[in-house]
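Q: The feature transmembrane segment is assigned by TrEMBL to A:16-37, A:57-79, A:91-109, A:129-151, A:163-187, A:193-218, A:238-256, A:276-296, A:308-330, A:367-388.
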Amino acid sequence: MKRIVYREWRIPAARYWGILGILAAVVGLGGLAALYLEHGGHWVTGMSNSVVWGVPHVFAVFLILAASGAINVASIGTVFNKDAYLPMGRLSGLLAVALLIGGLLILVLDLGRPDRLLVAMTHYNFRSIFAWNIYLYTGFIVLVIAYLWSMADRMGAPFKHPVGVLAFVWRLLLTTATGSIFGFLVARQAFDTAFLAPMFVIMSFAYGLAIFLLVLMFSCAQDARPIGDLLLQRLKNLLGVFVAAVLYFTLVYYLTKLYGAKNYDLVGWVLLRGGIYSFTAWVGWVLLGTLVPLGIIWHPVLGRDRRWIVAACALVILGGFAALYVILIGSQVYPLQIFPGHTVVASGVVDGLRAGVARYHPSFPEVLLGLGGVAVALVITAVGVRVLQFLPESLADPEESAPVGPGALKRFSIDEAAAG
Amino acid sequence: MKHPPEGIDQGRRALLGVAVGVTTAVVAPGLVLHAAALPSGASAGAQGTGPVTDSVRWGLLIDTSKCVEGCRACVDACDRENGLDLQTRPAGQSARAWADQKAVWVRKVKLADDLTGRVTNLPLMCQHCEHPPCVDVCPTGASFKRADGIVLVDRHTCIGCRYCMMACPYQARSFIHEVMHDQLSRVPRGKGCVESCNLCVSRRDHGAPSTACADACAEAGHHAIVFGDLKDPQSAISQALKGLPNRQLREDLALNTGVRYAGV
């Protein structure tokens with residue numbers, strides 16, 4: 001196998017600082033939103049006593065899932081011995097840590113008492129899956145940093161495989177635990193199923209790879225580093241498999257729910273009568289987030305055009321947000337079933353107990369806090385590839401296996417890449 | 001070989017003396033005040049002031065046939081008892097948002113049977129489960145169950161994650177969304193923490209016989225709420241539970257709630 005040469009990102013300083021400046025501005029806005037929330041309290045959000053987890057949690061869970069999925073590329077190389085994926089292992093690890101930090105920051109800053117972080121780190125109730133997660137998240141960061149060391153340092157090379165296996169098992173545990181946060185909630189009809197754990201695992205595969213692909217293509221295009229057609233085709237085909245698997249799990253999730261007669265109304269509401277939630281489920285999650293990207297990925301012409309691959313990745317990410325919006329918020333908006341066979345005519349206060357569903361309108365600070373977390377992840381990634389050797393000089397296909405003729409992927413020219 | 005004794009450092013002695021004096025002056029008044037703050041009958045064995053034990057389990061029985069539509073006596077009494085009536089809507093917040101966000105410990109629910117149309121009224125609050133899901137999921141242990149069955153939130157360790165609210169099958173918990181201006185010293189409340197019905201725990205700890213909601217319901221002449229020790233077969237609540245068909249809400253979850261309902 002040819003030697004892989006890693007180099008720092010060598011884009012012009014002005015462009016680098018420009019990118020960093022834009023991201024820092026978003027981080028700053030997110031920070032201001034967090035301060036605003038902390039200072040005045042959560043009354044400035046759309047969250048209520050019925051919908052207690054809002055848009056910040058959608059962002060946070062999405063980033064945590066994506067972090068776990070981003071490490072998959074490294075795992076495929078070192079754990080499953082696919083040489084073509086080896087050069088991308090370092091970027092995969094960096095992105096995984098960056099996304100997790102971004103997600104966790106949102107979660108911490110959305111706490112009612114973020115100043116009590118020390119309490120969260122010193123008081124543990126091990127019956128709580130949340131307490132397990134604190135260890136799983138911090139352990140994942142430590143493990144991936146060790147994994148990066150084993151990939152980057154000669155002394156660490158002998159540990160690359162065992163640490164890689166451990167990181168792979170850990171990410172599975174981590175996402176299982178993230179899914180279980182919801183799956184353990186027996187009180188809420190839409191949750192209350194262990195099926196959410198594997199569903200979150202497969203979602204993480206798709207969202208993590210979509211983000212990885214976008215970051216990889218952007219970073220390489222900016223620095224005029226080639227990505228081979230064959231490699232890109234492999235990655236986007238893998239994304240197609242993951243997205244299709246998410247669709248399968250989505251289908252089985254709702255069929256599982258329908259198996260219990262008590263959930264007919266819930267599924268009917270989410271899929272048909274839920275207004276914005278039904279719309280988000282069908283248009284955002286299924287159509288734009290699943291079917292359209294699948295159509296692009298497996299289209300004989302579009303699937304070979306890099307711009308369309310970028311579009312497919314962006315749509316998968318959009319679909320991920322839509323899916324989590326429906327799963328997290330729709331499930332809280334739907335009223336709790338405390339009195340089966342009865343209709344709640346009045347409950348003294350306006351909330352999820354009344355005959356209808358609860359209200360939730362995300363506020364601007366909530367959205368800014370979420371975007372701030374995304375920007376933090378991208379800042380860490382940008383600084384990482386700039387100052388350390390995370391990115392290989394070339395991801396070009398080996399000469400003998402490069403596709404030729406009309407089947408080859410349509411390439412960006414360097415000028416085109418720099419422009420967009 | 002013996003070393004000659006060194007001279008005594010009088011400066012260090014003086015400094016230690018001053019430190020002891022200052023510490024005593026700062027700490028002693030606190031100890032005296034703390035002792036003074038304790039109720040006079042705080043000796044072991046005095047009613048309601050000894051250690052909390054599992055020899056009792058506090059609970060409520062709600063007879064919905066006596067719960068009158070339009071009556072809010074229990075809700076208002078709870079608000080007064082726990083300082084919830086001191087809540088103020090933050091400037092600039094809509095009335096609609098305030099209704100969704102303000103703390104409510106007891107809510108008056110009106111139900112209609114889907115088949116028969118029969119209307120039932122009842123107060124709904126924390127059900128003080130034997131196996132509370134909120135306690136299971138709380139990452140820091142801030143949600144806890146006392147030995148006497150009362151489910152509480154420790155405001156010092158609550159980080160405001162709201163996972164307990166996600167886990168509660170009765171939507172009985174409230175999150176303090178806004179800055180607190182007024183509160184009662186016996187019911188500490190604070191922005192960013194979760195709270196819920198505490199079965200008037202300060203009354204329990206001072207040996208009072210009932211809860212604010214049960215008293216108010218009796219004063220209003222309805223007697224729909226009975227409070228008492230579920231473990232004492234002679235208590236009014238145990239006697240009433242024996243004679244009145246009753247059930248737990250969400251019995252399917254097997255939480256063995258401390259609050260029981262008759263007529264639902």
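Cβ from N, Cα, C; glycine included.
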Q: Short question: which residues 6 or more past the ends of the transmembrane segment (A:193-218) have a Cβ under 8 Å from it?
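A: Non-local partners: 62, 65-73, 88, 91-92, 95-96, 99, 171-172, 175-180, 182-183, 227, 232, 235-236, 238-239, 242-243, 245-246, 249-250, 252-253, 256-257, 306, 309-310, 312-314, 316-317, 320, 323, 327, 378, 381, 395.
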Q: Which residues, given as numbers and ranges, are at least 6 beyond the ends of the transmembrane segment (A:276-296) yet have a Cβ under 8 Å from it?
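A: Same-chain contacts beyond the ends: 239-240, 243-244, 246-247, 250, 269-270, 302-303, 308-309, 311-313, 315-316, 318-323, 325-326, 329-330, 333.
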Q: Same chain, outside the transmembrane segment (A:91-109) by at least 6, Cβ under 8 Å from its Cβ: which residues?
A: 34, 37-38, 56-57, 59-64, 66-68, 70-74, 117, 137, 140-141, 144-145, 147-148, 151, 171, 208, 211-212, 215-216, 219, 369-370, 372-378, 380-381, 384-385, 390-391
Q: If I count Cβ-Cβ pairs under 8 A between the transmembrane segment (A:57-79) and each of A:16-37, A:163-187, A:308-330, which range comes out on top?
A: A:163-187
Q: Please identify the stretch among A:16-37, A:163-187, A:238-256, A:367-388 with the greatest number of Cβ pairs below 8 Å relative to the transmembrane segment (A:308-330).
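A: Stretch with the highest Cβ contact count: A:238-256.
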Q: Do the transmembrane segment (A:16-37) and the transmembrane segment (A:367-388) come close, with at least three CB pairs under 8 A (pairs 6 or more apart in sequence)?
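A: Judged by the Cβ rule, the two regions touch, with the required three close pairs present.
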Q: So which residues does the transmembrane segment (A:163-187) touch in its own chain, when a touch means Cβ under 8 Å and the partner is 6 or more beyond its ends?
A: 61, 64-65, 68-69, 71-72, 74-75, 78-79, 96, 129-130, 132-133, 136-137, 139-140, 143-144, 146-147, 150, 156, 193-201, 204, 327-328, 331, 336
